[in-house]
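Notes follow once the structure below has been shown.
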Amino acid sequence: MANVVVVGAQWGDEGKGKVVDIYTEFADDVVRYQGGNNAGHTLVVGDEKIVLHLIPSGILHQGKRCIIGNGVVLDPEVFIREITNLKAKGKFQDDGVLLLSESLHIIMPYHKRIDIAREANSGAKKIGTTGRGIGPAYEDKIGRRGIRLMDLLDKQVFSRKLKEFLEEKNFILEKLLGERPFTFEEIFDEYSAYADTLRNYVADTTLVLHQDLKAGKKLLFEGAQGTLLDVDHGTYPYVTSSSTCAGGACTGTGASPRDINEIIGISKAYVTRVGSGPFPTELEDADGEKLRHTGGEFGATTGRPRRCGWFDALVIKYAVRVNGLTGIALTKLDVLSDFESIKICTGYSYNDKFLNELPANLDVFEKCRPVYEEMPGWQSDITGVRSFEELPEKAKNYVKRLEELAGCPIVLVSVGPRRDETIMLKNPFEA
């Protein structure tokens, strides 16, 4: 038996959706443990592209239980829309396989309005929030002002808490942000209607997980965003508001650290980032544009063009360290196929010093310049390759060099967006 955590090893958008989709075949439960609809998983099934923001990728596999844990903040409107769309496409029929933690926190309308207004008023200090209300919802969770799913399902409790919290939120909206306040009735009526649908999926998911673990079932924990966006371990303040690292799989679901056997970090064969913040290997030239165009680097959630750059070994070394990675899934190797030469960042130059580890100080990180080594490209189509041995020699050398620099084995290589365009070197569920 093995239970596996999948985390982003960079700044998000690494291709976790595809890898989770592949690993789901070997799991019984797929569990989402943090974030909200600020993340987007893009899956290509046959000729169809499916984007999921909240519901775990495992929903596309029959007989798999999908759980959204207590660490997630849920926008009911988005959740219901995803269910409706999946059902319309014939991808989801059995309500019983999808469970919501009764303890997860709800994104309220005032969270979204506050989020958008703050970002608009931030000027040069914008962090690049998606405006989905994720940060303000987590603020209220930590500040003990949050409304949980169990509260929403009880009209008396929901009414009491909404009245209690709305006065403060309206003060912030009107007096500090210059925005329109909400009436109690407009929120209460809208969210009470959502509750009627949500109650069909609610469960004590921590208990369900432990029962499944006791029964010997295999669990796959699905993270969102990436290590460098973790609220504690990321490039603060240019981070998300949740624990994106492997430890979040426990706090966000109620699973024990002893239940985790394998931790797989997902990394592109290059690097991308959305929003503001330091990015030493960013390319603002023809190579960067080529990566963006060839890799289709536009956000699944926002549609924003992603910043693109060469592979940064220091970022991956850091992800290996703070997550305890047991393996790396390398994605989008095929995107590099047209490059005559490829660069790898092996260190940083800072004030005439050479750094071989990621600096914790943001001011230092922002001033770091990449130190590169260069490798020849393979300049051939690899999307039809299904074994490591079949890869061009120069592609194999590139993968081996990344593995060496990361200090962690590469256990999967993605050579295209489709599910079958994958080379699995080691199955973590059989470890």
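Any Cβ shown, glycine's included, is placed from N, Cα and C.
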Identity of the IMP-site residue among Q156, Q225 (reference: D13, E14, G15, K16, N38, A39, G40, H41, T130, R144, T240, R304, source: Swiss-Prot): Q225
Local Cβ density at G15 (GTP binding site) - other Cβ atoms counted within 10 Å: 21
Nearest recorded site to R304 (IMP binding site) by CA-CA distance, among binding-site residues K18, G40, V415: G40
Cα-proximity to G40 (Mg(2+) binding site), 10 Å cut-off, over binding-site residues Q225, R306, L333: Q225
From N38, H41, G303, R306: recorded positions whose CA lies within 10 A of G15 (GTP binding site): H41
Three-class DSSP secondary structure - P305 (substrate binding site): strand
Binding-site residues compared (G12, G40) - highest count of Cβ atoms within 10 Å: G12
Extent of the IMP binding site in Å [max Cα distance among D13, E14, G15, K16, N38, A39, G40, H41, T130, R144, Q225, T240, R304]: 34
